[in-house]
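Record features (TrEMBL):
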- His295: active site, tele-AMP-histidine intermediate (ACT_SITE)
- Gln79, Phe269, Leu270, Gln271, Asp272, Gln273: ATP binding site (BINDING)
- 24-313: domain 'RNA 3'-terminal phosphate cyclase' (DOMAIN)
- 159-260: domain 'RNA 3'-terminal phosphate cyclase insert' (DOMAIN)
Amino acid sequence: MAGQRVEVDGGILEGVSVQPEAERPQHLSGLEMIRDLCDGQLEGAAIGSTEVTFTPEKIKGGIHTADTKTAGSVCLLMQVSMPCVLFAASPSELHLKGGTNAEMAPQIDYTVMVFKPIVEKFGFNFNCDIKMRGYYPKGGGEVIVRMSPVTQLNPINLTDRGSVTKIYGRAFVAGVLPFKVAKDMAAAAVRCIRKEIRDLYVNIQPVQEPKDQAFGNGNGIIIIAETSTGCLFAGSSLGKRGVNADKVGIDAAEMLLANLRHGGTVDEFLQDQLIIFMALANGVSRIKTGPVTLHTQTAIHFAEQLAKAKFTVKKSEDEEDSSKDTYIIECQGIGMRNPNL
């Protein structure tokens, strides 16, 4: 990929008009961290930029810090760095600073409770230590991610959904927000889920984040459903000024229920996060999903352009999916080998 020109521009997908997305603080911090991880050259990287030229060199491990200096998401920083450090010369320790529970991005709880156990099926492990939680608008959160490189990634096959066996979660408040808010979010979410799923105990713990582990004020909830085959689905929501606690809980519950209706093995937020790993893996990977999101279509487009992997997206032919909007995303991975190991 040396000298690869990556243009962030409109009209990426045929038949879909895509607005050029200008650089945001977390995008910029992410690019700068990748540059540092591999002693690369980065041109045109500034907030508001729509074209960036990046020339990578050898990926090295070690300790690296990325700080959005805002509530920009640490989870997005993790997403951009993980495929790189897997192919580094030595183990990496990434200090990621910004928002841990921020809008328009996975919450750190999602990353640890859903993304981590599923992505580790590609044949690697990582450790994520939440040092400090940070919320919009101040940020101030920090997580430390530690991982060792791999020789190659294994393909995955996530096509058997199984049946839901457990539903659990956490409703949190931090800073000056009263503990009652956490209890109200949890109770409203449980009531909402019970209307549709009556035979399972729903265990949502209200949590007051310790003062020394949370910066600023925030509240939110994440609810996870686990199936008999080890699939994980989530619904989550964050509190905002003027939104009552019940609504936050109900929003998360409804999101979870929607993700359980489509018959896929991953929720709408995991889909696009798995694409890069499928592209790099050695062999054929398959995942069963609900409606394919625009994020996933974009990820497939770039994985095909940059990694030269081949993807197919087909309607699921399984009988139990006939009445549902269910798809199989299949990828012939490129079998990327770590040149350093």
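Don't overthink the numbers, they just go from 1 along the chain as shown.
In case you wondered, yes, glycine gets a Cβ from its N, Cα and C as well.
TrEMBL does not curate its annotations; it predicts them automatically.
Since we're looking at a predicted model, the values are computed, not measured.
Sequence features, as recorded in TrEMBL, placed on the structure.
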residue : record                                       : Cβ neighbours (10 Å)
Gln79   : ATP binding site                             : 19
Phe269  : ATP binding site                             : 21
Leu270  : ATP binding site                             : 25
Gln271  : ATP binding site                             : 23
Asp272  : ATP binding site                             : 20
Gln273  : ATP binding site                             : 23
His295  : active site, tele-AMP-histidine intermediate : 14
Secondary structure content, the domain 'RNA 3'-terminal phosphate cyclase insert' (159-260) (per DSSP, counts of residues): 37 helix, 37 strand, 28 coil
Span of the ATP site, taken as the largest CA to CA distance across Gln79, Phe269, Leu270, Gln271, Asp272, Gln273 (Å, rounded to a whole number): 13
Residue from Phe269, Leu270, Asp272, Gln273 whose C-alpha is spatially nearest that of His295 (active site, tele-AMP-histidine intermediate), among the binding-site residues: Asp272
Near-site residues: ATP, ref Gln79, Phe269, Leu270, Gln271, Asp272, Gln273, CB cutoff 8 A to centroid: Pro106, Phe115, Val266, Leu274, Ile275, His295, Thr296, Ala299
Mean of the pLDDT scores, which run from 0 to 100, over the domain 'RNA 3'-terminal phosphate cyclase' (24-313): 97
